[in-house]
Amino acid sequence: MRDSAAQGMGSPCCPAFSRGAVVSGGPEPGEKGLVYQEAPELLQGQGVKPVPGEVEAETPNGPSPGVAPEVRLSLRRWAVVLLFSCYSLCNAFQWIQYGSINNIFVHFYGVSTFAIDWLSMCYMLTYIPLLFPVAWLLDKRGLRLIALAGSAFNCLGAWVKLGSMKPHLFPVTVLGQVICSVAQVFILGMPSRIASVWFGSHEVSTACSIAVFGNQLGIAVGFVLPPVLVPNLEDTEQLAYHISIMFFITAAVATVLFILVIIVFQEKPPFPPSRAQALIQLKPPEEYSYVQSILRLLRNTNFVLLIVAYGLNTGCFYALSTLLNRMVIQHYPGEEVNAGRIGLTIVVSGMAGALLSGIWLDKTKTYKQTTLVVYIMSLGGLVAYTFTLSLGHLWVVFVTAGILGFFMTGYLPLGFEFAAELTYPESEGMSSGLLNVSAQVFGIIFTIAQGKIIDHFGTQAGNLFLCSFLLLGTFITVFIKADLRRQQANLDGEQTKALEEVPGDSIAPMVLDESKL
């Protein structure tokens, strides 16, 4: 697909085309190949010595050593992030499709509620041992291989589930769900990586929110669609028919998305979309050490605090999502459809929160303040939900669930982007992967513990259990320092762009007016 320059003159994503831009040793006005060259001060920090008067012209994403690549945006970036969102949606739907009609699957397969809960928790459990191998693949082989693997496993797992349409075939549906859980490992670490590799510095937070948006939309569909497709019937033959329809639709969609990934998804754009990415590409590949990267991340105190805070918040969300059907049915018997709608309300309001938080971060760059406010509001939302669930008024539950979802789900992309800022120039796949490991660990612990508390002490005690950990996460967030390294790299590039002289015996810069272009 043909690349497009940054939209709008003077855009920081394409600085060479702004009025009065400085281009050292560039071509004459009107010649093809006018590009932007990073200033020597910025390149020296990366161990690169720029050649006086030399620029990179039309060399896609693989510049010659010592030469800063052109910064340009590609139109394909929107197709990539939207396609990723779609197959992430499909995978998230398969995660929650059992939990949203927990009581129906308990009846069909003749197993315990805890066994059905594990169909959700297997997503969390599988992620923990597979994170590091998949993160290594992401760093060594890139985005395209990970996208192909994720969509392929998602498709395979969906088709395996179609072989479990008899009550005695519960192990087959477990196998299909485990395969889908492997696909999730190839999905969860990609949003911030896609955003940084494909999008400009003023778009990364919005792009990350769009990528996370798909996963949340899948959870929303997983709450509302299964209760509609699979009614609560006593006849297992009729139940098998309705369940097979749901599984077949899922498999067909997953197959189409896998084919589209093969056709559309590319490794990276022809040109880096931001100065931060340009600097990363200038660093020789042999200097990167996977083990050293992990050790550096774990020595980053601010990032370690974020790992814990993110895990507490997201683990609470996983537990609430898995146990929502049980909690609602306990207070409102026979309301499976409304239980799904409450889940839909939580996630849809959360998607709005995620998009708004991404746009807000792109405009303000107030990562620490925004994260803290959203965390506090998540705690407030859960407290309100806890004390209104048992009042007997479903409309009140819908309102408080919407408030809870807006902030708790809206926190997810904030965590990814804050981590990318705190850990630059380390791999976004590794930083987001460590966040997700924390989320899975806390998700398993909270789901099991809250389930047992609900069984013995009721839903209010179970939700207060989660509230206590959200309070702890709020205090931890207070102590995270806003060390925004990625933003500093982009700001350094903005400052050096304005230089009109290059030290040494280099060729004098040529100032181009917009009118000459």
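Every residue gets a Cβ built from N, Cα and C, even glycine.
For the domain 'Major facilitator superfamily (MFS) profile' (80-485), the mean pLDDT of the prediction comes to 88. As annotated by TrEMBL, domain 'Major facilitator superfamily (MFS) profile' applies to 80-485.
The annotation transmembrane segment is assigned in TrEMBL to 78-98 (among others). Here the transmembrane segment (78-98) has Cβ contacts under 8 Å with residues 1, 105, 116, 119-120, 123, 147, 150-151, 154, 157-158, 161, 177, 180-181, 183-184, 187, 190-191, 194-195, 198-199, 207, 210-211, 213-219, 221-223, 225-226, 246, 250, 253-254, 257-258, 260-261, 264-266, 321-322, 343 of the same chain, all six or more residues outside its ends.
Residues or ranges marked as transmembrane segment in TrEMBL: 118-138 (among others).
The transmembrane segment feature in TrEMBL is assigned to 145-162 (among others).
For the transmembrane segment (168-189), the residues of the chain that approach it from at least six positions outside its boundaries are 84, 87-88, 91, 94-95, 98, 109-111, 115, 119, 122-123, 125-127, 130-131, 134-135, 138, 146-147, 149-154, 156-161, 215, 428-430, 432-433, 436, judged by C-beta separation under 8 angstroms. Annotated transmembrane segment per TrEMBL: 168-189 (among others), in sequence order.
If you look up TrEMBL, you'll see 210-229 (among others) marked as transmembrane segment.
Look at TrEMBL and you will find 241-265 (among others) tagged as transmembrane segment. Sequence-distant contacts of the transmembrane segment (241-265), counting only residues of its own chain at least 6 positions beyond either end whose CB sits under 8 Å from a CB of the stretch, comprise 76, 79-80, 83-84, 86-87, 90, 93-94, 97, 108, 143-144, 147-148, 151-152, 154-155, 158-159, 161-162, 165, 225-226, 229-231, 233.
Taken from TrEMBL, the feature transmembrane segment covers 303-321 (among others).
Marked as transmembrane segment by TrEMBL: 341-360 (among others).
Taken from TrEMBL, the feature transmembrane segment applies to 372-388 (among others).
Sequence-distant contacts of the transmembrane segment (394-414) (same chain, six or more residues past either end, CB-CB distance under 8 Å): 191, 205, 208-209, 211-212, 216, 310, 313-314, 316-317, 320, 328, 332, 335, 338, 341-342, 345-354, 356-358, 361, 367, 370-371, 374-375, 377-378, 380-382, 384-385, 388. For 394-414 (among others), the entry in TrEMBL reads transmembrane segment.
Annotation comment: TrEMBL describes 434-454 (among others) as transmembrane segment. Using a Cβ-Cβ cut-off under 8 Å and counting only residues 6 or more beyond its ends in the same chain, the transmembrane segment (434-454) has close neighbours at 113-114, 117, 120-121, 123-125, 127-128, 131, 188-189, 297, 303, 306-308, 310-312, 314-319, 322-323, 326-327, 330, 415-416, 419, 461-463, 465-466, 469.
TrEMBL lists 460-480 (among others) with the feature transmembrane segment.
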Checking distant contacts: for the transmembrane segment (303-321), what same-chain residues at least six beyond its ends satisfy Cβ-Cβ under 8 A?
96, 99, 120, 124, 219, 223, 297, 343, 346, 375, 378, 382, 408-409, 411-412, 415, 418-419, 422-423, 431, 434-435, 437-443, 445-447, 450, 466, 469-470, 472-473, 476-477, 479-480
What stretch of 145-162, 210-229, 460-480 shows the most Cβ pairs under 8 Å to the transmembrane segment (372-388)?
460-480
Which sequence-distant residues neighbour the transmembrane segment (341-360)? Criterion: at least 6 residues beyond either end, Cβ under 8 Å.
96, 100, 205-210, 212-213, 216-217, 219-220, 222-224, 320-321, 324-325, 328, 366, 370, 374, 394, 397-398, 401-414, 417
